[in-house]
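Taken straight from TrEMBL:
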ACT_SITE  Asp210  active site, proton donor/acceptor
BINDING   Glu15, Asn148, Asp210  divalent metal cation binding site
BINDING   Asn98, Asp116  substrate binding site
DOMAIN    15-267  domain 'SMP-30/Gluconolactonase/LRE-like region'
Amino acid sequence: MPEFRTLLSGYSFLEGPRWREGRLWLSDFYTHQVLACDMQGQVEQVAHVPGQPSGLGWLPDGRLLIVSMRDRKILRREPDGQLALHADLSHIASGHCNDMAVDGQGRAWVGNFGFDLMGGAAVRTAALARVEPDGQVHQAASGLYFPNAILPTPDGRSLIVNETLGNRLSVFDIAADGSLGPRRDWAVFGPLVQSAALDDFIAGGKVAADGAALDAEGAVWVADAIGQRALRVAQGGRILQEVSTGAMGCFACALGGPDGRTLFLCVAPDFLEHQRQAAREAQVWTLQVDVPGLSD
């Protein structure tokens, strides 16, 4: 296992890491905090989200958007620090809302679980939402297997989506009006599992692509939620690099730091809500890599 540096420790379950303006921004699920942390580990709480924060992104004017998972909403942090409702996704999201990306035009792309993950419900596919800068909500795609990390490409023409239970990363063309073309494979790690039982999906999962980060060469760093590792993946599915996290699960990642070459990994013993709520075992580990991320 590589020699990681521990940047943060003592949290419940850290998700949604983003590098912006010299700090790592991220959500802690069960303490309901959105945090910003510098490279020395100095932490500021920037928001409290009772509905459980997850994905983060910024509008072109610099205001922060936050996914509120349980009530299936996006909140907007105003300049005075107050939170306002940006969009309600409850008519599209069939499970907790989860990760989000905000593109250069201010459109938010938001995934959801599709089913009651922690309640043991049957696996169902989910829709992807597109939220316009004014808060209008549209269904962008459907039939996705637990859409998770969402990565707009730098040219604004494509959208890469991790399907955690689909053994794949998918990609869509983005039209001028924001609508998406048909789904295509960006990387495939194994066949689709033919079952409605979550245990079968976990057993049949080759890579459970959770969080992700796009680098300057067009490769994607993927947090493998069932493999205790992060993978650098090329389009087509070739694994370029593998980083083991040992006994800790790896659930999200970001690229950043002073030169863009710091890989941030959100790790915890597992992702089970009943075990993470009271525990404070989640950490952020860092590792230097060769290829930088995209500039913030």
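Cβ from N, Cα, C; glycine included.
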Apart from Glu15, Asn148, Asp210, which residues in this chain have a Cβ no more than 8 Å from the mean position of the Cβ atoms of those residues at the divalent metal cation site?
Gly16, Asn98, Asp99, Ala149, Asn162, Thr164, Gly211, Ala223, Ala225, Phe251, Ala252
Within 10 angstroms of the C-beta of Glu15 (divalent metal cation binding site), the count of other C-beta atoms across all shown chains comes to 27
Just to verify: the residue among Asp116, Asp210 with the fewest other Cβ atoms within 10 Å, which of the recorded positions is it?
Asp116
Among the binding-site residues listed here (Asn98, Asn148), identify the one with the smallest other-Cβ count within 10 Å.
Asn98
Fill in the CA-CA distance, the residue listed as 'active site, proton donor/acceptor' to Asp116 (substrate binding site), as an integer in Å.
17
Rounded to the nearest Å, what's the C-alpha distance separating Glu15 (divalent metal cation binding site) and Asp116 (substrate binding site)? Just drop the number here, would you?
19
